[in-house]
Amino acid sequence: LKDQFDNLDKHTQWGIDFLEKYAKFVKERIEIEQNYAKQLRNLVKKYCPKRSPKDEEPRFTSCIAFFNILNELNDYAGQREVVAEEMGHRVYGELMRYSHDLKTERKMHLQEGRKAQQYLDMCWKQMDNSKKKFERECREAEKAQQSYERLDNDTNATKADVEKAKQQLNLRTHMADENKNEYAAQLQNFNGEQHKHYYIVIPQIYKQLQEMDERRTIKLSECYKGFADSERKVIPIISKCLEGMILAAKSVDEHRDSQLVIDCFKSGFEPPGDFPFEDYSQNIYRTISDGTISTPKQEGMRIDSKTTVGKAKGKLWLFGKKPKPQSPPLTPTSLYTSSTPNGSQYPIFSIEPVHYCMSDIKTGKPRIPSFRSLKRGYFHLQGPALEDFSHLPPEQRRKKLQQRIDELNRELQKETDQKDALIKMKDVYEKNPQMGDPSSLQPKLTETMSNMDRLRMEIHKNEAWLSEVEGKVAARSDRRHSSDINHLVTQGRESPEGSYTDDANQEVRGPPQQHAHPTEFDDEFEDDDPLPAIGHCKAIYPFDGHNEGTLAMKEGEILYIIEEDKGDGWTRARRHNGEEGYVPTSYIDVTLEKNSKGA
C-alpha cells in the first residue's frame, strides 16, 4: 500500500459516505416511527369521547372496553415515540457526531500524507538541481581542459594565452568538484528522506487511516445493534398493551349492558290498567230463574254510561291517552242480599255506588292540573331541564336527585374540612402571633360557613324532592299491589254476571268490594281530593291568571293556602268558592298557621 495513497483517499471517503447513507436511513426510519405514532394518537383522539360530566360517561362494558383499547393504543403510540427517540439519540445522533469526527480525522491524516509527499518531492528537486548543476560544471570543465590542451600544443599560441586557459581549467575543475560534493550531499539527504517517507511516515499515516476505517466499521456494527435494541426494549411494554386490549375484549359483558339499558330507561310509570267491563244490558229485563235470587231493578239509580266514558278523555299517558277505568253503574247486580237467621232478607248496598257518586261529585268541578305539568310545558319551549328534574320520569328523577345529593355532600365535606383547617390555623395564629394575624382568616372562615349553610339548604331541598319522589313511587306500588289483590278476590268471589253464584248454599256475603282499577292520576297530576288549608294570604298585586292551572286574583283579595312554594316561585291557593290554582309567590303576603298539617 506504499504507493496507494490516492486509492486509500477514495476508500476512506467511500466509508464516510456509507456511514452518512446509513444515518440517512435511520433518520427516515425515525420519521416513519414519529408519523406512525402521531397518526395513532390522532386516531385515538378522534374516537375518544369528548370530556363530559360523570353522569354522561358511557357505562356499557363494550364502550368501556373500546375506550380501554384506545388507551392501550395510545400507550402503544407512546412506545413508537420511544423507539423513535431512542433511535434518534442512540443511533442517528451518534452516527452524525462520529461522521463529523471521522471527517476531521481523515482530513488530518491526508494532510499529513500530502505534507510528507510534498517534502519528499522538495528533496528530490533539490537533489535533481544539484545533479544538473554538477553535470553542467563537468561539461564546462571538459571544455576548458580541451581548450588548454589545444593551446598548449599550439606552437603559435603565446604564453599568456596558455596561462589564461590553464587558470580557466583550474577554475572549472574546482567548481565541478564543489558541485559534485553538493550533489552527493543532496543525493544522500534525498535517499534518507525517501527511506524515511516510505518506511516510517507513510506507513504510520496508512496505519492511522486503517485504524480510523476499522473504528468506522465497529461504529456501524454498534449502530446496527442499537437499532435493533431500540425496538427490542419496548417489546415487553407493547406486549402489555396487547394483553390489555385482550383483557378489555374479555371484559365485555352483554348481560350487564342489557341491565344498564334497563336501568337507564326505566321510567317508574305503571302500565295502563285494564279496561273495565261496561254492562249495557242493564236496560234489558232479565227473567228470574228458579235457582237465582234477584232484586227489583231500580231505575232511579241507573247512571248514563256516556258520563263514565267522557271522564277518560283529555288525559295524557305514556303511549297517548291513558284509558281511565270507570266505576260500574249502579245496577241490581251491585246490591247484595243477606239472610238473617230467621229467614228474612234485606238488601245490602256495596261500597261501589258510593265510590261512584263521590267520583261523579268530584268531576263536577273542572280538574286543575298540577303546576308541574305547566312547568314541563313551559320548559319544553324555553329550556331543557328543571332544577328538581320534574321533567324526568320518576325513576330517572330519583337517580338524578340522588346523584346531586351525593355531589352536594362531597362539596359539604370539602367545605367542612376547609373550615376545620381554618379554625386550627386561627388557633395557631392566636397562640403564636408572629406566624400570622388571626383576623385575616375571618373573611375566609365566614365565606366557608356561608357556603356550608348554602350547601345544607341545597341538600335539604333536594332531599325533600327525593322524599316526594320516593313517596309517590312507593304509593303507586302499594296501590297497584292492593289493586291486584282486590282484582283477584273479586274474580274469585263473583260470578261472570258480576253478582253471585247460582248455588244458594254457596252464597255468603263478603266484605264490600272495591274496583281494582289503577289510581286515576300519575306523576303529572295531583290528586283531586280537597287539600286542607295550611294558612291564608293576601294579594299584594293583581294577577290575571290566563295560563291553565293558574288562579286569577284581585289586589287585596284573601285566599286560602293549600300548598307552599316548593322553590319554583308559585303557591297553590283556593278561593272561598272552592276554585283552586297557582299564584305567584311574590304577588302575595303569606301567613301560615301553626300545626297546619292538622288544620
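Glycine is treated like the rest: Cβ placed from N, Cα and C.
Because TrEMBL annotations are produced automatically, they should be read as predictions rather than curated entries.
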Inset, instruction - Would you please say which range out of 124-168, 259-303 has the annotation coiled coil in TrEMBL? - result: 124-168
Legend entry - Range annotated as coiled coil in TrEMBL, from 398-432, 433-467: 398-432
Legend entry - Residues in the domain 'SH3' (532-593) grouped by DSSP into helix, strand and remaining coil: 3 helix, 29 strand, 30 coil
Legend entry - Per-region confidence, the coiled coil (398-432) (mean pLDDT, whole number): 88
